[in-house]
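What follows is a set of notes on a single structure, which appears directly below.
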Amino acid sequence: MAPSLGSGSTRILLIVSLLLCLRQQAVVDAAIVEHTFHVGNLTVERLGQRQVITAVNGQFPGPKVEARNGDTLLVRVVNNSPYNITIHWHGVLQRLSAWADGPAMVTQCPILPGSGAGSSYTYRFNVTGQEGTLWWHAHVSFLRATVYGALLIRPRPGVPYPFPAPHAEHTLLLGEWWNASATLVDVERQAFLTGGQPANSVALTINGMPGLSHAHKEMHHLRVARGNTYLLRLVNAALNYQLFFKVAAHNFTVVAVDACYTDPYHTDVIVIAPGQTVDALMHAGAAPGRRYYVAAQVYQSIANATYSATARALLRYDDDAKDAAKTIIMSPRMPVLNDSATAQRFYGSLTGLLRDGKPTVPQRVDTRMVVTYGLAIAPCLPAQTLCNRTRGSLAASMNNVSFQLPATMSLLEASRSRSSGVYTRDFPDRPPVMFDFTNAAAVNRNMSLMVTSKGTRVKALRYNETVEVVLQNTAVLGTENHPLHLHGFNFYVLAQGTGNYYYLIRKKKIRKNLVNPQQRNTIAVPPGGWAVIRFTADNPGVWLMHCHLEAHLPFGLAMAFDVQDGPTPDAMLPPPPNDYPPC
């Protein structure tokens with residue numbers, strides 16, 4: 001007798017059949033997205049000056065890459081520029097594709113200039129399980145000042161956003177601009193030779209335009225229809241500055257950060273650090289008969305800093321007056337440049353959106369680390385010919401290790417080939433000495449706390465190990481907000497605040513959010529403060545964690561995690577592709 005429709009065996013068969021159908025449908029829905037990036041020189045004019053920059057496909061900013069959750073991307077990069085180049089896919093998890101992550105001398109050697117061997121490389125990676133706004137950028141020298149673009153990952157066909165569907169969207173890339181007499185590579189080179197800070201940019205940009213002229217010639221324009229709701233996709237591609245972002249007479253609902261959905265957060269100002277992205281809904285319902293400035297302004301977390309800049313774009317309604325000369329333009333009221341209270345209120349108010357079937361915070365912790373970081377002083381290198389050898393060279397460190405990139409082989413290649421002499425697996429779990437990290441007066445009286453040494457030391461992790469890291473900012477040579485980016489993973493932000501973490505934890509003044517913390521790939525650790533992050537090391541490879549203030553990476557404000565293979569083939573990193581760039 002055949003089993004009834006309600007029997008256990010039939011239900012199991014139906015469930016298995018349904019799962020197979022869903023899996024097959026997901027495969028059908030997934031696509032292969034292909035692009036070719038030609039990197040080369042481009043002459044542009046900004047602020048009344050013609051300048052040669054490095055760009056992709058003759059565009060600044062570079063081309064927008066669009067995909068859907070589950071797609072595979074193949075991006076062939078051809079280097080026609082005079083410089084070594086790599087491309088990093090910022091925020092892409094690179095599951096089992098660490099060879100495509102992109103940081104020079106970490107996961108690959110650079111793509112060489114010219115037309116010979118090693119002058120092109122195809123980045124191959126999948127974006128299953130990711131949705132939202134990410135971006136791509138050069139990961140060599142200061143080239144990312146002009147070599148960058150948006151990477152948008154939409155839900156699978158037929159899958160809605162977990163927020164009200166917008167009528168349309170605008171992608172806004174926020175950047176910096178140098179009117180350099182030489183090139184940006186020379187700006188970094190000069191800083192290296194002197195052992196000091198690089199020259200400041202002269203302007204901020206929105207989609208490559210500074211928007212400083214009242215004639216609006218060099219200004220990005222946004223068109224909106226009254227009554228519609230728009231998804232603003234914001235990317236901070238600036239090299240060295242966090243930014244306040246506002247639109248005059250408009251408010252936002254933040255729905256995602258770093259391509260991770262959040263609970264809706266209502267605000268009139270967005271704070272965004274270099275490397276971070278924000279997705280926010282904006283309703284176009286302002287008063288008619290006006291136009292509205294969109295503004296991105298420097299947020300200075302350094303005490304006594306005076307440098308400020310603002311970029312502007314222009315928001316126009318479809319029904320505004322045709323006579324622009326008679327139209328009132330409204331400007332947003334921006335925070336003061338050092339308004340850390342507004343910054344921390346924004347960052348501290350975000351929580352993660354809980355969704356059925358999606359990962360939650362790992363409750364067990366296998367490894368706990370305390371990573372202190374900040375600026376430091378190191379002896380001048382022989383090649384630093386303009387460095388003051390009495391004073392020393394400006395440096396930076398994590399747990400008093402100033403990270404040095406290898407010169408002959410990438411860290412990932414060295415790890416996989418078990419090559420010796422390239423790096424060591426002994427990055428410390430704690431700083432060499434515990435002190436009152438944020439007491440500037442005490443710290444800067446102790447010269448021993450300012451001196452660091454170079455090293456290429458990484459932290460080895462077992463596959464699937466859960467790691468909790470206390471990121472403690474220090475007051476050595478000043479306090480500022482360092483945005484730290486972790487490659488290869490999203491992490492949960494369990495808590496963040498100002499002061500000395502260990503003093504506060506002893507006083508039981510810290511409460512970790514283990515229910516719905518925000519997820520990120522880049523965290524702006526508060527000036528003179530700390531953050532607690534947690535992630536699971538379920539992605540084999542070598543993954544950089546570094547400050548996304550571009551000047552601080554060559555100073556040494558970085559470290560790396562070397563994650564071992566898992567026990568099964570689907571948890572093991574495949575060999576490098578055939579066109580993997582040689583050193």
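Cβ coordinates are placed from backbone N, Cα and C, and glycine is handled just like the others.
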Candidates H266, H283, H482, the one Swiss-Prot lists with C547, H552 as binding Cu cation 4: H482
Same-site residue for Cu cation 3 (record: Swiss-Prot; known: H487, H546; options: H35, H38, H139): H139
Record-annotated N-linked glycosylation site (source Swiss-Prot) among candidates N41, N79: N41
Set of same-chain residues at least 6 away whose C-beta sits under 8 angstroms from N179 (N-linked glycosylation site): R46, L47, Q49, Q51, V202
Site of maximum Cβ density within 10 Å, from binding-site residues H482, H552: H482
Long-range Cβ environment of C547 (Cu cation 4 binding site), under 8 Å and at least 6 residues apart: Y373, A396, H482, P483, L484, H485, L553, L557, A558
Cβ-Cβ neighbours of N446 (N-linked glycosylation site) (radius 10 Å): 11
Winner by Cβ contact number (other Cβ atoms within 10 Å) across the glycosylation sites N41, N304, N388, N400: N400
N126 (N-linked glycosylation site) CB neighbourhood, other CB atoms within 10 A: 20
Local confidence of the prediction over the domain 'Plastocyanin-like 2' (168-320), expressed as mean pLDDT: 93
Top Cα neighbour of N126 (N-linked glycosylation site) in the set of glycosylation sites N41, N304, N464: N464
